[in-house]
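Features of the protein shown, as given by Swiss-Prot:
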ACT_SITE  146  active site, proton acceptor
ACT_SITE  156  active site, proton acceptor
BINDING   13, 19, 20, 64, 65, 92, 163, 192, 193, 194, 195, 196  NAD(+) binding site
BINDING   95  substrate binding site
């Protein structure tokens, strides 16, 4: 029996088969979870429905998290189709592309508001609205963060601030929902080759750097993140809440360099 057998999981943020949310859905499906999906805009509907079909699901609903009405409709949709919910996967983050140019000092007021609303407040809004569906089910919520919440990653800009706020939100929500028997955690994933990631200036250099420096010397995959999400949302992690779990092959533990001797050889030769 799979680790999530009999669990009902809502997956937000699936954009394509390279997205982290897709990797999570893939791992959840393998472990026996039933899946429902959201899409943010009409142009994404067909793609998300095709992805859902691949996992044997026809539960797909529009949810623009900047609209309270959409979030209420999401709850109604899940009530009508499932009646209850065990897991929420919050894989939602956005800032206008111009906010990734220049430095954080160039952040616009509107860009800041949008980034915080969609990337952070949406977690609060979804949790509050869907909590009644998780009553008595020892529910689990997982969201996605990144190392840019802790340290400066050039050009990540306002999204780094948003991710820092997201991690704090996880801790506060963990306290709030514990009395209902539910848990929430964040996964701080290393750089993954998603389409969204390539909107960040110099992302390919960031990938090269983190791969060279992390102790394993290899990149992170969506499967790595997906399998971690399975654990965090399973009963095996029943005593874990309010955590930020790094899934980055150990990159966050390093100082300036990792695999120093190999890097010296690359730079200076044998």
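For all residues, glycine too, the Cβ spot is worked out from N, Cα and C.
What Swiss-Prot annotates, mapped onto the structure for a quick look.
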| residue | record | Cβ neighbours (10 Å) |
| --- | --- | --- |
| 13 | NAD(+) binding site | 26 |
| 20 | NAD(+) binding site | 27 |
| 65 | NAD(+) binding site | 23 |
| 95 | substrate binding site | 23 |
| 146 | active site, proton acceptor | 26 |
| 156 | active site, proton acceptor | 24 |
| 163 | NAD(+) binding site | 27 |
| 193 | NAD(+) binding site | 14 |
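Across the fold, the C-alpha of residue 65 (NAD(+) binding site) and the C-alpha of residue 95 (substrate binding site) stand 14 Å from each other. Looking at residue 20 (NAD(+) binding site) and residue 146 (active site, proton acceptor), their Cα atoms lie 12 Å from each other. Note: the Cα of residue 146 (active site, proton acceptor) and the Cα of residue 156 (active site, proton acceptor) are spaced 10 Å from each other. If you take the Cα of residue 163 (NAD(+) binding site) and the Cα of residue 156 (active site, proton acceptor), they are about 10 angstrom apart, rounded to a whole number. Nearest to residue 156 (active site, proton acceptor) in space, judged by Cα atoms and limited to the binding-site residues 13, 95, 193, is 95. Between the CA atoms of residue 13 (NAD(+) binding site) and residue 95 (substrate binding site) there is a gap of 14 Å, rounded to the nearest whole number.
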